[in-house]
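Annotated in TrEMBL:
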- B:7-24: transmembrane segment (TRANSMEM)
- B:30-49: transmembrane segment (TRANSMEM)
- B:82-101: transmembrane segment (TRANSMEM)
- B:108-127: transmembrane segment (TRANSMEM)
- B:163-183: transmembrane segment (TRANSMEM)
- B:215-233: transmembrane segment (TRANSMEM)
- B:253-275: transmembrane segment (TRANSMEM)
- B:287-310: transmembrane segment (TRANSMEM)
Amino acid sequence: MINKTLTTKALTGILALGLAGTTMAEIRIGSTLSETGPASFLGDPEAKTLRMLVDEVNAAGGINGEQIDLIMYDDAGDPNRARTFATRLIEDDEVVAIIGGTTTGTTLAIMPMVDEAEIPFISMAGAIQIIDPVQPFTFKTPHTDRMACARIFDDMQARGITTIGMISGTGGFGSSMRDQCLDIVGDYGIEVVADERYGGQDADMTPQLTNIRGKDGIQAILNPGFGQGPAIVTRNYSQLGIDLPLYQSHGVASQGFIDLAGPEAAEGVRLPGTALLVGDQLDDNDPQKSVVLDYSAAYEAEYGMPVTTFGGYAHDAFRLLVDAIERAGSTESQDIRDAIEATDGLVGTTGIYTMSPEDHLGLDISAFRMLEIRDGGWMLAD
Amino acid sequence: MRISSKQITLLVLLALIAVAPFFFPSSFYYRVGALVFINGLAVVGIVILTGYAGQISLGHAGFAGIGAYACALAPAHLGIHVGLAAILGALISAVIAYLVGRPILRLHGYYLGVASLGFGILVAMVLSNEGQLTGGPDGIAVNDLGLRSVLNDMGLSLTNSEFWYAFSGLTLVVGAWLALNLYNSPTGRAWRALHGSEVAARTVGVDVARLKLQAFVISAVYASIAGSLLALQNRFITPEVAGFMHSIEMVTMAVLGGVGSVLGAIFGAIILTVLPQALTVFAEHEMMVLGLVMMLVMIFMREGVVPTLLRFFRGRGE
């Protein structure tokens, strides 16, 4: 019996020691991303981007002469794990700032932690509740889903569309964007006459699309959602021969979507996207052009695959942080936070960021470009 | 005076909880400890159901989901305190377990496994699809328990993670104590009889259907309380808590540590909670290492880690 107690105690001790200890470095930045799991198509390019950029900055001499030590964990999209890793980053690794929170769920799980520990935190998740109301230590880089809705409705208005149908995913992204779109659609004089849903694992959306097509006077269809759902919707759409404009969300702005839906089915699909996807079509005096092309070239050279909007969010988050640390000239969390909040005109791939105490996103709707899929690639629609 | 094995188990557990913090290099480990205890509590429920009564449930996360969301929703809609909400959640879980289990447990074989699997998935779907009530897949915030500030006023100041370490540790000790008492009670003996052979148990007059139902309801309450503790500690909850993988995780922890023994189940919870943290360095190979550990345990320690080790030490002592 004594044996057992001793063994268990010793074991605990060994495990505790095994968990401890990473080497000290100059500027320690933490990150918890959903590199695997259901959100891996977001988390994977984010993680790749961060690793690449950290190497790049360190090779160029670091920030203010100090090297960056990036500590990255994979929360697999589970908010409980994300919270545990955030605790670990704050308490054990003692990082000065955290980049991460791939999904809205993981971000919301981390936010109370960073607020209590007073560590600046830049999220790469979409939902508006991350920055509204503003929490002093939480920032984010992607547009909100509300802005995506606004951009889409702007485009519909310009095309004279007044009656639409919606088909939304039931996942976090789809549900949240559906709610935001329904919330503001009235301001644009557009009426939603059909509101269909589909589950994350559904393999066929023809019944919902047939329902929508049957509505009187329908002029366009909007599909908030990400992952495989929108690709299936797009394919079913062309199989049914529906001859109405189809709008997708910014959640599918990657080459993977076109490949999955098939270039023919995706032809003519419109969605609000970032400059990143159409870098070479940008005007030469567009301030984003060089940033976007540099990032694309570096990423493609490093990993041999095309950039995605999501990797771009990580790029912007990292640039925001580096810029803030440089301007603060300090690695104190409070100074870094203040500097991020004072960000003015930082050019990223998603847009040009200008933060303020009331705005922890720093983008407006103009940063969204309306894109159209043509011949299996992205075209600026306006 | 002879110390019973029940008292030894509880003493070991208490000692573990009290001594472990001396090895903690930072307060992050209190968080891991608290998660171990919360998982341990759910797994003790599995020990009662699977280890004692021999029934398999693949949907216990559903009850954890009910317990967790009770803490989020009851204070908002019924205006009651979160602590009461946790108890309400446990009651709801018990009633649902009764209603689900009553028709199914009259049948032989693995019907409970299949039905509970469906039940768990159903709960997760309701939680993520009824967005206007549950906050949908992005989750919902939970009120503060408030016990820490009460302790603070009484002069016992603990950090948040220390408080949850102590609180969930004590809850686990109480849960383990109840489970150990049940083991040697008439009910526990009847459970073990029907685990050994349902036909034989029925022959000697055990009401098989009623006892199976009891075990199912009790283990559902354990899962529900564990879910509530998780929600209260995180102050935020998403439908993942009721997910299928969480159910499987509970059963895996119980089987790995030794499903017949309370201490074994807790040991299983320790391994499967701490190992992923220790393996972050080889994140890509985490699943492989976990799989290898599981395989080795299944091949060489078929009763689970703790019972096999106990037998080994006893065998040498004699």
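For all residues, glycine too, the Cβ spot is worked out from N, Cα and C.
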Proximity of the transmembrane segment (B:253-275) to the transmembrane segment (B:108-127), 3+ C-beta pairs under 8 angstroms: no
The transmembrane segment (B:82-101) vs the transmembrane segment (B:7-24): 3 or more CB pairs under 8 Å: no
Residues of the parent chain within Cβ reach of the transmembrane segment (B:287-310), under 8 Å, 6 or more residues beyond its termini: 252, 254-261, 263-264, 267-268, 271-272, 275-276, 279
Considering the transmembrane segment (B:215-233), which listed stretch of B:7-24, B:30-49, B:163-183 counts the most C-beta pairs under 8 Å: B:30-49
